[in-house]
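Asks: Sharing a structure with you now.
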Amino acid sequence: MAKDMIVIKGAREHNLKGVDVELPRDKLIVLTGVSGSGKSSLAFDTLYAEGQRRYVESLSAYARQFLGQMEKPKIDLIEGLSPAIAIEQKSASKNPRSTVGTVTEIYDYLRLLYARVGLQHCHQCGRPVASQTAQQMVDRVLNIPPRSRFLILAPVVSQRKGEYKDIFAEAKAEGFVRVRVDGEIRNLDEEIKLNKKVKHTIEVVVDRLIMPDRAEAESRRLDAEGGAGFAASGAGTEWDGFVTRLTDSVEQALRVGEGTIIIALQDSDEWLMSESNTCLACGISFPELSPQMFSFNSPQGACPTCTGLGTHLEIDPALLVPNEALSIHEGAVTYWGEMRKKKDSWGYRSLLSIAAHYGIDLDAPWATLTQDQRDGLLLGSGKQKLRFAWENESGSRGEFFRPWEGIAAEIRRRFMQTGSESQREFYVQYMSEQPCPDCHGARLRPQSLAVKVDQASIQEVCAKHIEAAYQWAEQLAHPGSTLTPTQLEIVGDVLKEIRERLNFLRNVGLHYLTLERAAPTLSGGEAQRIRLASQIGSGLVGVMYILDEPSIGLHQRDNRKLLNSLLRLRDLGNTLVVVEHDLETMQAADWMVDFGPGAGIKGGEVVVAGPPQVIAAHPTSLTGAYLSGRLEIAIPGLRRVAQSGWLCIEGATLNNLRDVSIQFPLGTFIAITGVSGSGKSSLITETLYPALANRLNKAQLKPGPYRLLEGIEVLDKVIEIDQQPIGRTPRSNPATYVKLFDILRQLFAETAEAKLRGYEPGRFSFNVKGGRCEACEGNGEIKIDMQFLADVWVRCDECKGKRYNRETLQVKYKGKSIADVLDMDVQTALEFFDNVPRVRRILQTLQDVGLEYIKLGQPATTLSGGEAQRVKLAKELARVATGRTIYILDEPTTGLHFADVQHLLTVLHRLVEAGNTVVVIEHNLDVIKTADWIVDMGPEGGDGGGIVVACGTPEEVALVEESHTGRFLRDLLVEK
């Protein structure tokens with residue numbers, strides 16, 4: 001074996017047919033071919049799976065006992081395999097606490113920067129803080145109101161794990177009687193047991209005092225001066241004695257607490273005072289700066305109101321009353337429903353009393369109610385009592401008076417009190433995430449936000465776009481900045497890491513993101529490129545990186561930056577195996593492997609392998625035909641014009657949109673284009689779609705702000721086909737999603753064997769007990785909680801992955817069990833059910849969208865975002881069309897080969913020919929050039945975007961100099 005090659009022999013995972021192939025090490029290798037041809041089977045299920053398995057074998061026996069069930073890929077031989085890292089196209093963490101900053105670790109370095117050279121300011125007055133002496137602390141305590149009880153505490157442990165028996169013993173030895181542990185006063189004479197695996201906070205109680213009334217003490221002293229000298233002497237020292245005791249206790253607490261004390265007042269208020277950081281104007285002390293102070297995942301830094309999330313759920317009037325044209329009787333308040341149907345209920349009688357109080361006409365449209373009337377219903381009457389009348393079944397009547405809490409408070413109260421998950425989901429539909437009222441989305445405590453570096457808080461830096469944050473860090477690192485030479489020496493390495501990681505994000509086309517952007521809101525492509533940037537920053541060498549379409553979501557203009565990053569990773573001494581369909585990436589590859597010739601059972605072979613020019617020249621390679629120009633996606637001869645008017649939205653201002661107003665020709669194929677971050681999704685999926693869904697589908701979504709929506713009269717519904725998973729467990733699959741499984745279960749229940757055994761359709765469901773395998777509960781796989789690693793799904797030993805028990809599998813339809821049918825790919829199933837029209841019609845739609853290779857029962861967890869989107873598209877195609885629908889798709893070409901794109905375009909144009917409108921957000925020029933109408937957003941991403949740069953036919957957009965999309969279109973249309 002050549003040392004510079006990875007040798008693969010007999011690869012048989014999924015549809016691979018004993019593939020033998022050699023891949024050059026330390027090169028950029030592109031695997032391509034039509035969808036389902038075997039690319040991912042070789043890249044992820046063979047190369048990466050074997051690399052991961054060999055890594056696990058290198059772990060300790062303790063770790064391996066959890067991972068021992070990992071199967072070896074079906075392969076005869078792999079030699080020359082490097083340690084493998086997969087960077088897939090899946091979306092980022094769903095944890096709302098994860099941000100771009102935390103995922104890339106840039107935020108960790110920023111926390112360190114602020115802890116070392118940040119300047120603490122007072123969060124109340126804005127002044128820089130100063131140290132505080134023991135006397136100043138005593139003077140502040142003496143201002144406590146008379147007769148107030150308070151404790152003087154010395155903090156000794158703050159949010160650290162341990163049992164701390166030595167600290168308790170030492171405190172007792174010094175004569176102290178009590179300590180406060182996690183907010184609870186404990187006596188040192190008792191045995192205090194702490195869980196050493198939990199973080200604790202411990203303070204020594206130095207003294208317990210009651211503030212005397214100085215005026216009364218002075219009065220007693222004056223009265224005593226006329227009496228015995230001894231009495232006068234005692235009264236005269238009462239106040240002075242208290243001050244002396246207080247001073248001694250403060251000094252002792254400072255010694256024990258190493259310069260910091262806590263004054264705990266009886267009303268739960270606490271003062272932290274320190275010899276180091278104190279605002280003299282406000283008398284507020286601040287702890288020493290530490291990285292934890294800037295962590296929104298730590299109690300020391302997180303905003304106490306939202307616990308570091310930056311948001312909270314709040315009742316949204318727009319969701320409570322989505323249609324203001326309705327009256328209350330007609331159901332304007334969706335939480336109540338149609339009140340005219342509930343006239344015999346107690347709720348309706350209460351409503352009559354409330355309406356009478358506020359003078360509300362229950363038959364008047366909600367839009368005609370005054371603001372006071374709306375507030376009365378939604379927000380309640382406060383402390384004011386309303387008259388409520390009642391009448392029981394026997395005819396007795398009465399009345400009582402009480403405040404009305406309001407619909408919002410009622411929903412919030414019931415949401416907090418219920419233990420039912422379904423009830424919580426019911427109440428959540430009337431709520432929306434709102435910025436935290438205290439930190440306003442910044443996630444941190446006011447004290448942490450008041451720390452500045454170069455006049456900017458850590459949140460202000462995170463709110464900058466990557467490009468602006470990079471410029472800030474670059475300027476800060478140079479001599480002459482606001483940092484002193486000593487400070488620069490302290491944080492020089494920290495600034496270097498920050499600048500390098502920000503630069504990596506710039507180089508993969510993510511300059512428009514902010515560090516505070518929540519990870520769950522990132523697209524799959526963005527998340528993948530962030531992980532790619534992190535890997536470049538790690539500086540690893542001798543690694544095999546496996547990537548899944550890194551160009552997804554990237555405009556052609558930014559593609560070269562991404563390619564340069566990939567080549568840089570290669571030049572460090574790594575092997576890059578990239579599953580990709582992008583033409584420019586293929587042309588830049590050192591080596592290509594073209595899979596095919598078809599999909600599913602018709603694929604699984606290597607058609608040709610070699611440099612790009614070899615692929616292009618190969619006579620039977622479908623990829624080569626597109627690479628060489630022998631095949632291409634044709635540009636239509638005619639562009640459609642508006643068939644049924646125009647859809648108009650005005651004044652869209654969400655995120656970076658700058659008061660966008662735009663018209664869409666209905667009955668056409670429309671492409672929304674622009675560089676990443678230019679505002680495409682903000683305009684279409686976050687403003688236009690929810691606005692249409694609320695009006696057409698009676699949904700209760702919250703669209704971005706806009707002034708006007710016109711032209712919807714000719715539409716009957718809007719359908720968004722996104723890339724979200726169709727399910728999150730192996731139990732979800734394409735057959736269940738497209739409603740095919742119901743028909744299949746009915747077919748099996750109608751067989752003679754099933755009738756003989758008395759089996760109903762439910763017997764063939766793996767979602768309920770009866771016919772399913774109970775060992776895996778119908779999943780076919782069992783989830784192993786790895787604790788220290790990601791969860792692993794392994795095949796069930798009981799049913800061998802078939803999901804059903806033995807008795808159910810004995811029922812056959814045309815010689816096949818239900819498990820056999822679910823294991824068929826779409827193409828095979830089409831032939832098997834050729835004489836069952838209702839099954840064939842659904843299967844045909846899956847084939848039409850290029851999914852003939854996926855299995856009917858394939859777990860949803862194994863589908864890519866693009867495949868999930870096409871399953872959803874197939875479901876919509878299977879419905880009876882009205883010709884008045886508007887379809888919205890976000891990058892439908894994800895994961896598609898040139899030939900697959902051609903199939904998809906045929907389907908989409910077929911929808912348009914039926915009178916529907918199709919709107920796609922897309923970067924693929926082959927799709928854009930076939931559109932009837934283009935809306936190009938930009939000109940840049942982030943703050944540099946948010947306007948419509950050009951709109952019109954592709955030919956018209958190509959003439960606009962400011963349009964990046966137009967520039968690339970120009971060359972394609974010239975070729976036409």
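Yeah, the Cβs are placed from backbone N, Cα and C, and that goes for glycine too.
Predicted, not measured: the structure shown is a model, and the values here were computed from it.
According to TrEMBL, the ATP binding site annotation covers 33-40, 674-681. Here TrEMBL flags 633-970 as domain 'ABC transporter'. As annotated by TrEMBL, zinc finger applies to 279-306, 773-799.
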Asks: So which residues does the zinc finger (279-306) touch in its own chain, when a touch means Cβ under 8 Å and the partner is 6 or more beyond its ends?
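Replies: Hits for the zinc finger (279-306): 97, 108, 110-112, 114-116, 118, 120, 122-125, 127, 129-130, 132, 136, 140, 158-159, 260, 271-273, 312, 436-439, 442-445, 447-448, 451, 458.
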Asks: Find, for the listed binding-site residues Lys39, Lys680, the residue with the lowest Cβ contact count at a 10 Å cut-off, counting only other Cβ atoms.
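Replies: Across Lys39, Lys680, these binding-site residues, the one with fewest Cβ atoms within 10 Å is Lys680.
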Asks: How many neighbouring Cβ atoms, not counting its own, are there within 10 Å of the Cβ of Ser35 (ATP binding site)?
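Replies: That number is 26.
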Asks: What three-state secondary structure does DSSP assign to Ser676 (ATP binding site)?
Replies: coil
Asks: DSSP on the zinc finger (279-306): how many residues come out helix, how many strand, how many coil?
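Replies: Output for the zinc finger (279-306) reads 4 helix, 5 strand, 19 coil.
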Asks: Averaged across the domain 'ABC transporter' (633-970), what pLDDT does the model get? Just tell me the whole number, please.
Replies: 91
Asks: Far apart in sequence but close in space: which same-chain residues, 6 or more away, have a Cβ under 8 Å from Ser676 (ATP binding site)?
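Replies: In sequence order, the residues whose Cβ lies under 8 Å from that of Ser676 (ATP binding site) (at least 6 apart) are Gly509, Leu510, Tyr512, Glu526, Gly553, Leu554, His555, Asp558, Gly941.
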Asks: As a test of the contact definition, list every same-chain residue at least 6 positions from Ser37 (ATP binding site) whose Cβ is closer than 8 Å to its Cβ.
Replies: Phe595, Gly596, Pro597, Gly598, Ala599, Gly603, Gly604, Tyr853, His897
Asks: Counting every protein chain present, what is the number of Cβ atoms, excluding its own, within 10 Å of the Cβ of Gly674 (ATP binding site)?
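Replies: Its Cβ shell of radius 10 Å holds 30 other Cβ atoms.
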